[in-house]
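Residues annotated as transmembrane segment in TrEMBL: 21-41, 61-84, 178-205, 217-240. Annotation comment: TrEMBL describes 133-243 as domain 'Palmitoyltransferase DHHC'.
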Amino acid sequence: MFSFNVVMAWNVFKFCALLRGLGSVMIMLVLSVVGFTYYAVVVTNYWPAVLAGGANSYSSVAILILFHILLVMLLWSYFSAVLTDPGSVPPNWRADVDEESGDPLVLTGLELSKPMLNLQHTASLVGSGIQKIRYCKKCNQLKPPRCHHCSACGRCILKMDHHCVWVVNCVGALNYKFFLLFLFYTFLETSLVTIILLSNFIAFFNEGEIPASPESLATTFLTFVLNLAFALSVLGLLAYEMKTTPKWRYDLGRRKNFEQVFGMDKRYWLIPAYTEEDLKRLQTLHGLEYPSKPELDSQHY
């Protein structure tokens, strides 16, 4: 049993080390897909149509404008998710009570003797019957509500959702909005590319006269398939991220849930940024406390 646990721990360690090492590779992969799509849409198909003039040039200009707007928003959201620290536990942070059900830990006498804990305060909590205090043994610190340890990042992440290999970062309190916007604009961009290249995709299978060179037609075909696959995959991820959990203490309703992530200012909902006012007043962005339903505050699950 001991050897099995050692092997499992070693495998997990190697997997986490691999995730850290994939950083620059994944970013280059994303940029390669973007570049390949840009070449197929702009260079191969629609910019030549603009230069040729005629009635089709106007629709080509409109498509190129929309394509570039979505591309800018996609890349802006992507690098915001990549470069924004999702949030770490402040030094010497102290918990009052256990705020959620995930990973509760009853502190033993040995753990209560750790010098980093406020012994008098912790003893008063345990003595009053509140025994569940979340504590990370790896970071040697207490954990705020909805905070979890990420083995790939090697630290506790505030409001951790998951570690995403595509953004080479954890998705947490401070970059969750940026990650969702990245998915949103990726879906819009890939859907647009799929729609505008559909006729070229169909032409690939026609036995009649080919409207373009075989090289450009093959490039367009691969771009269509690639973007269709990404559109369907991202749609599934968006549906998963937007799902709700019944009778969850942090579920405040669709409107308030949305504002907790995207902010109160409607002008900033679709851009990867927050107003100064939202950064100050939204508890979720601080990652330490979260508004919840009073009738469910006593639940620990």
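Using N, Cα and C of the backbone, Cβ positions are placed for all residues, glycine too.
In this chain, the transmembrane segment (61-84) does not touch the transmembrane segment (217-240); fewer than three CB pairs sit within less than 8 A of each other, excluding pairs fewer than 6 residues apart. Sequence-distant contacts of the transmembrane segment (61-84) (same chain, at least 6 residues past either end, Cβ-Cβ under 8 Å): 27, 30, 34, 38, 41-42, 46-47, 50, 164, 167-169, 171, 174-175, 178-179, 181-182, 184-186, 188-189, 192-193, 196, 270-273.
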